[in-house]
């Protein structure tokens, strides 16, 4: 039975099946048409949680058989694929969270389904991505590093043409936030598909995170939003996964539609992020950053409650610390 047949007919794939799939997808010598058929077929099936763990571990082990660890490190990112074309919320959040002293290792990529991915924005900001080897030095100095997925996982470049061809979210959107080169203590992940929240939360637990939040934003975003109830799966330090809804209005933030968070080109997104960090933008765009930064600070144990996290995020923008972090990352 071929791998394609097994993908189409088997309810649960073996770890060996998943390794075979990954080996094909990352091979430079196998044609795009074969990869397209396998990846599109796999993304249409009901993915089992253990399979996601197999995929993530297979990719990590291929590049980092002895995965490096930085105690207390955190990643804040979304899966992408929500088609919202929002500005780079999680990248903006990273400056705020790092300015609180959280060690943030943000693992990002160029855009697949939107106008401007994290790496596109960093290029516009004149902020260099960091190599995996140099990450500890920069974290010690600046509390923040941006690692480009194509640099940390050069094997991923062999998947990019296929992902572009498919033109919609695939299993790799779920995998992206989970393959940070570093073993993390904390993580916050936004997921485009609410049916995948539990699956991602359990996989994050398998990966050994101490605390995490996996969320799906109200009305379909992969960030917490201001437009209604956000779905939350929280991994606690005792290994429990609890789920609940969170509405920004319960924390003193005004209701706002997701359309308020529309971004544009890297140049336009730079202007949006900078105006939030320098305090000029007091609109709902600022509030959505405060909400996501507040959640991140809560996960990273900088505060005891989400409300305190939002309050701390507000202070870090208002007192200029978040903007200072931006300038520090630019080498100014």
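Note that Cβ sites are derived from N, Cα and C of the backbone, with glycine treated the same way.
DSSP assigns residue 90 (5-phospho-alpha-D-ribose 1-diphosphate binding site) to a helical segment in the three-state reduction. Marked as 5-phospho-alpha-D-ribose 1-diphosphate binding site by Swiss-Prot on the basis of sequence analysis: 78, 81-82, 86, 88-91, 106-114, 118.
The anthranilate 1 binding site annotation in Swiss-Prot covers 78, 109. Note on residue 78 (5-phospho-alpha-D-ribose 1-diphosphate binding site): other Cβ atoms within 10 Å of its Cβ, all shown chains, come to 28. When secondary structure is read from DSSP and collapsed to three states, residue 78 (5-phospho-alpha-D-ribose 1-diphosphate binding site) falls in the strand class.
Counting only same-chain residues six or more apart in sequence, the Cβ atoms lying under 8 angstroms from the Cβ of residue 223 (Mg(2+) 1 binding site) belong to 78, 86, 89, 90, 190, 215, 217, 261, 288, 292. As annotated by Swiss-Prot, Mg(2+) 1 binding site applies to 90, 223.
According to Swiss-Prot, the feature anthranilate 2 binding site maps to 163. Around residue 163 (anthranilate 2 binding site), a 10 Å sphere centred on its CB holds 21 further CB atoms from the protein chains shown.
The Mg(2+) 2 binding site feature in Swiss-Prot is assigned to 222, 223. According to DSSP, residue 222 (Mg(2+) 2 binding site) is assigned to coil rather than to any helix or strand.
Of the recorded residues, residue 222 (Mg(2+) 2 binding site) and residue 163 (anthranilate 2 binding site) place their C-alpha atoms 19 Å from one another. Of all the Cβ atoms in the protein chains shown, 26 others lie within 10 Å of the Cβ of residue 90 (5-phospho-alpha-D-ribose 1-diphosphate binding site).
Note: the CA-CA distance between residue 107 (5-phospho-alpha-D-ribose 1-diphosphate binding site) and residue 163 (anthranilate 2 binding site) rounds to 18 Å. Taken residue by residue with DSSP, residue 107 (5-phospho-alpha-D-ribose 1-diphosphate binding site) is part of a strand.
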